[in-house]
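The structure appears right after this line, and notes come after that.
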Amino acid sequence: MAALFPPPPGPRFVLRGTQSAVNTLHFCPPSQAAGNPLLFSGSQNGLVHIWSLQTRRIVTTLNGHGGQGVIWLKTLPQGHQLLSQGRDLRLCLWDLAEGRNTIMDSVQLDSVGFCRGSILVRGQQCWMLAVPGKGSDEVQILEMPSKTSVCTLKPEADARPGMPMCLGLWQTNSSLRPLLLAGYEDGSVTLWDISERKVCSQITCHEEPVMGLDFDSQKAKGISGSAGKVLAVWSLDDQQSLQVKKTHELTNPGIAEVTIRPDHKILATAGWDHRIRVFHWRTMKPLAVLAFHSAPVYCVAFAADGLLAAGSKDQRISIWSLYPCP
């Protein structure tokens, strides 16, 4: 009997040459790429590679984390600056303008976990940074680039959510109040009001640690994945209260990262079962299961034009063109 659906296409192309597991990916914004689309990758061996998507080769290698794995990369909007977070307890700010690749500044971190940082741009030259704090259950909020401590977010003594596993800073369109979504070791997702230093709402949507989350501020709706089999979709009402809307059970446990495409149409997950899964964001209808990698997929990232990149323990980065942006 013929299959009801044709098999999904293979990757558009594959990037090889990291010589180490790929932990994190980030596309350079088109405004900074100057006509040459770039992709940043962070590896287990402590290196950051900058790839040209035209030549499909490494353009530059950044070595600032002493051989300790790079777990998060993010460009800053104020032009040709890149943040890299490593397991060496260091967050580096790189100057990449005019061919430079030097560390302008760094922040010493207190947590040895795998929790990636998050930023919120607050103006032309300043931004807020959230990173895991000194206490195992704490999140540190800093004003950058001054490194001024804004506050430490610490759960109530009887809450015991465990370590923060993933962070997402954001603010509503109607208010400039910074908010933080944090996924914790106990499977809960918490919304913090940073100005008030208090928890607005908290939901337990997973039985295992929350490994990744993303939030769609236009729809006031987010998604989280965990070490278990469940993807949880939750919403935020006008009273800043989180509510679980639906859950989707996967075949195999373990989601390393979940990310919503910039046009809010689809989302992708990185699976420990070597697979990339693509869903329709509004309905959560499964659209594709991409079985290319031969080891756990650790990260997924979307470009502004809809291109999807996935990085794996198999040292390869697959680039996919699926459901193009309109």
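Backbone N, Cα and C atoms are what each Cβ position is placed from, and that goes for glycine too.
Positions annotated as repeat 'WD' by TrEMBL: 15-61 (among others).
Residues or ranges marked as repeat 'WD' by TrEMBL: 203-244 (among others). Residues 162, 165-166, 168, 170, 172-173, 179, 181, 183-189, 191, 193, 250-260, 264, 267, 269-270, 279, 281, 284 of the same chain sit 6 or more residues outside the repeat 'WD' (203-244) yet have a Cβ under 8 Å from a Cβ within it.
Taken from TrEMBL, the feature repeat 'WD' covers 290-322 (among others). Only residues 6 or more beyond the boundaries of the repeat 'WD' (290-322), in the same chain, are considered here, and those with a CB under 8 A from a CB of the stretch are 8-16, 18-27, 29-30, 37, 39, 41, 51, 53, 254, 256-263, 266, 268-278.
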